[in-house]
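Enquirer: Sharing the features that TrEMBL gives for it:
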REGION    1-31  region 'Disordered'
TRANSMEM  40-62  transmembrane segment
DOMAIN    76-411  domain 'Membrane transport protein MMPL'
TRANSMEM  211-235  transmembrane segment
TRANSMEM  242-263  transmembrane segment
TRANSMEM  275-297  transmembrane segment
TRANSMEM  318-338  transmembrane segment
TRANSMEM  350-373  transmembrane segment
TRANSMEM  411-430  transmembrane segment
REGION    502-541  region 'Disordered'
COMPBIAS  510-529  compositional bias 'Low complexity'
DOMAIN    545-768  domain 'Membrane transport protein MMPL'
TRANSMEM  600-617  transmembrane segment
TRANSMEM  624-646  transmembrane segment
TRANSMEM  658-677  transmembrane segment
TRANSMEM  698-720  transmembrane segment
TRANSMEM  726-749  transmembrane segment
Amino acid sequence: MPRHLLTSTPPEPHRPESEIPVDSAQPTKQRGPIPARRSLIALFAVLLVAWVAIAGVGGPYFGKISEVATNDRSSFLPESAESTKAQALIDQFSDLDYVPAIVVLEDKDGLSKDSTTELEDLAERLDDEGLLAAAASPVIPSADGEALELILPVSTDTTADDVEQIRSIIAGTFPIATAADSPTGDVDSVPTSADVYVTGPGGFSADLTSAFAGIDGILLLVALIAVFVILIIVYRSPLLPVIVLFTSVAALSASIFVIWHLADAGILLINGQVQGILFILVVGATTDYSLLVVARFRDALLTERDRVRAGLAAFKGVVEPIAASGGTVIAGLLVLLLTDLASTRALGPVAAIGILVAMLAALTFLPAALMVIGRAVFWPFRPQVRTTSSAPAKKGLWTRIAEVVAKRPRIIWIGLVVLLALPLIAFPQFKASGIAQSDFVLGDSEARDGQDVLSEHFPGGSGSPTQIVVAKDQLEDAAKAVGSLGGVESMTVVAEESPSGTIAIDDDGQLQAPQGQAPQGQGAPDSTSTPPPSPPAPTEVDGQVLLEATLTDPADSLAAESTVTDIRDAVHKVDSETLVGGETAVDLDTNTTAEADRTLAIPLILIVITIVLILLLRSLVAPLLLVALTVLSFGTALGVSALVFNHLIGFPGADPSVPLYAFVFLVALGIDYNIFLMSRVREESLRVGTRKGVLEGLVATGGVITSAGIVLAATFAALAVIPVMFLFQLAFIVTFGVLLDAILVRSLVVPALVHDIGRNVWWPWRKRIPLD
């Protein structure tokens with residue numbers, strides 16, 4: 001007969017409870033009526049109705065949570081960031097609030113005479129339809145005669161939607177090959193061999209928004225399907241997986257309801273990444289806690305005929321480890337409140353709320369449902385009360401594993417620690433210094449393709465200049481300092497009186513005449529002719545002017561970030577009060593802040609979790625060993641990920657927050673499983689000693705913890721369905737790390753190490769532990 005994954009004994013076929021044998025030598029636990037039984041049943045009913053109502057109220061917010069999420073990186077920077085300070089001053093130079101979307105048209109066969117006119121007509125049409133926040137730029141031809149550039153200012157509030165509409169209009173205006181190929185089916189459209197793209201900050205924002213579009217639906221659906229399949233395999237019951245999944249969905253509904261209102265009130269600032277992690281974390285954590293509750297309930301039914309008594313016994317057995325593990329995870333998550341990047345800081349309370357609600361659902365709704373339904377929840381393999389006349393149970397998988405651990409504990413833990421340490425060689429190869437914005441989205445990206453074309457025919461930073469707020473009397477020196485740097489293509493100064501809104505400035509800091517006007521000092525050869533007019537004066541705000549530098553590299557690239565670092569160093573030598581902002585500066589400050597947050601948060605999380613473990617396990621040795629092993633498994637996961645990302649997939653790098661997010665979940669959740677194990681080990685050690693206690697704890701918890709690890713790994717793996725590099729990398733690292741920790745570290749390394757150390761693992765509070 002196949003064995004049950006949560007226990008070492010096979011499930012027994014169903015027999016009606018009236019036919020369950022009761023052996024007089026080992027009577028079942030029947031101690032008469034339960035006091036206040038009716039009150040308990042009423043309480044169960046209230047809990048069930050309450051959670052159904054919560055799920056109903058919170059359900060509609062699944063589709064609304066995206067409304068309060070933003071993917072604008074600048075909004076997550078602290079006020080102390082230089083780009084944030086600069087932006088506050090930059091906004092004073094214009095009343096307009098927009099994001100540039102860059103249209104680039106390329107025709108390798110050469111531009112037709114009508115190409116410029118067509119783009120000008122396009123800009124006029126887009127303006128008429130209200131898709132532009134300001135007037136479009138003039139059409140700019142490339143020097144090689146193969147491309148045109150048009151900069152469209154779109155609203156910051158509706159960037160993604162406006163860009164998608166612009167792309168749709170362009171697709172109809174510039175059909176390729178034949179008019180029949182036009183998405184609009186407009187047979188009057190003239191086919192062209194030109195390729196037209198919408199790129200720049202507006203284009204990348206639209207692509208990223210599109211990538212996150214499935215986060216409310218497909219991500220949750222994939223996660224729930226994965227969990228359901230695993231639960232069917234684990235329980236082989238059609239009803240129990242449905243109840244467990246409803247528990248998870250109800251917890252997620254409650255979490256989303258709370259977080260939506262906090263975000264809507266401006267208390268929390270969340271992005272698509274935090275939103276996706278919330279979905280996965282709540283489903284995974286609730287299911288994990290539910291597995292513990294169900295396992296204890298099933299075990300209780302083996303010795304207790306009354307379902308209410310069995311449920312109360314199960315509740316008593318799980319409330320402490322679930323509360324302890326959940327509390328430890330929450331304590332670690334709340335450390336993120338000390339970070340500077342708002343998206344990282346928001347992850348702390350968002351995930352903590354999710355874990356708290358997951359615990360409440362698993363400790364209230366699920367026990368109530370189990371006690372109301374009773375043994376029928378396990379149909380068709382209802383657990384029976386064991387009797388002395390029952391056939392002796394065969395050794396299960398975890399009993400055999402425990403025997404192996406008992407025979408060679410030192411060899412096992414030393415050998416596996418060495419094995420886990422090998423991938424640490426690749427740990428330094430994990431490149432987490434940031435990636436270009438064009439690499440955020442996996443798969444097809446029009447903005448990325450357009451940026452490649454733009455960089456081929458124009459300076460890479462066209463349309464997204466680095467902006468420098470400098471004192472007017474320091475403008476010439478600042479321009480000289482910037483112009484002397486490599487990576488800077490050209491410079492302009494904002495001037496309201498200029499027809500184009502800017503004035504060119506050369507590398508010597510001299511203002512140039514507007515287009516169509518002779519440069520200052522370069523009149524006609526005749527010395528008696530009228531001297532050319534002087535360039536308009538730069539726009540001045542509180543004694544400062546706005547210098548803009550177009551970079552040779554794409555504005556979203558790491559090379560451009562390096563140039564901005566050089567620009568800051570150069571202009572700060574001229575005037576320490578000068579501020580450098582713009583899209584590239586925002587990216588640079590975001591990466592720098594994320595790296596600082598990572599350096600701060602990781603050691604603090606370790607300290608907090610270690611302190612909590614010391615209080616829970618009443619030991620110094622055990623917590624330090626558990627934390628060390630969890631950190632080792634994290635390092636192993638990151639080393640393996642570095643090899644996979646760099647050599648198999650070929651990723652260019654990773655966001656600086658990826659290691660921090662992975663650390664938070666791997667360490668917190670890894671400790672979670674160790675708490676489940678060690679709380680049971682301590683319970684058994686108080687009865688039979690540490691060495692025997694760790695073996696009995698392993699047998700008792702092996703199946704349920706391994707199943708919980710598989711469930712959590714499956715839910716995090718679902719993040720990979722969202723075509724965003726950050727989430728894919730996080731999904732791989734956490735999935736691999738959780739499986740490594742739950743199957744190898746928790747199942748073999750920890751039990752072998754504790755068995756080898758023996759009673760001293762509880763030092764200095766070991767007096768109550770019997771000698772081995």
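Every residue number used here counts from 1 along the chain in the order it is shown.
Yeah, the Cβs are placed from backbone N, Cα and C, and that goes for glycine too.
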Enquirer: Could you name the stretch, out of 40-62, 411-430, 600-617, with the greatest number of CB pairs under 8 A to the transmembrane segment (624-646)?
Expert: 411-430
Enquirer: Short question: which residues 6 or more past the ends of the transmembrane segment (411-430) have a Cβ under 8 Å from it?
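Expert: Sequence-distant neighbours of the transmembrane segment (411-430): 404-405, 629, 632-633, 635-636, 638-643, 645-646, 654, 659, 740, 744-745, 748-749, 752-753, 756.
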Enquirer: Establish whether the number of Cβ pairs under 8 Å between the transmembrane segment (318-338) and the transmembrane segment (658-677) reaches at least three, counting only pairs separated by 6 or more residues.
Expert: yes
Enquirer: For the transmembrane segment (40-62), what are the same-chain contacts with Cβ under 8 Å, counting residues 6+ beyond its ends?
Expert: 34, 216, 220, 246-247, 249-250, 252-257, 260, 308, 361, 364-365, 368-369, 371-372
Enquirer: May I ask which of the stretches 275-297, 600-617, 658-677 has the most CB pairs under 8 A with the transmembrane segment (698-720)?
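Expert: Highest pair count goes to 275-297.
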Enquirer: Can you say which of 211-235, 275-297, 600-617, 658-677 has the most Cβ pairs under 8 Å with the transmembrane segment (350-373)?
Expert: 275-297
Enquirer: What residues in the same chain, six or more past the boundaries of the transmembrane segment (275-297), come closer than 8 Å to it by Cβ-Cβ distance?
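Expert: Apart from its flanks, the transmembrane segment (275-297) reaches 6-7, 65-66, 69, 212, 215, 219-220, 223-224, 227, 231, 234-235, 240, 244-245, 247-249, 251-252, 255-256, 259, 310-311, 313-315, 317-318, 321-322, 326, 329, 347, 350-351, 354-355, 357-359, 361-363, 366-367, 370, 661, 665, 672, 676, 703-704, 707-708, 711-712, 715-716, 718-719, 722, 727, 730.
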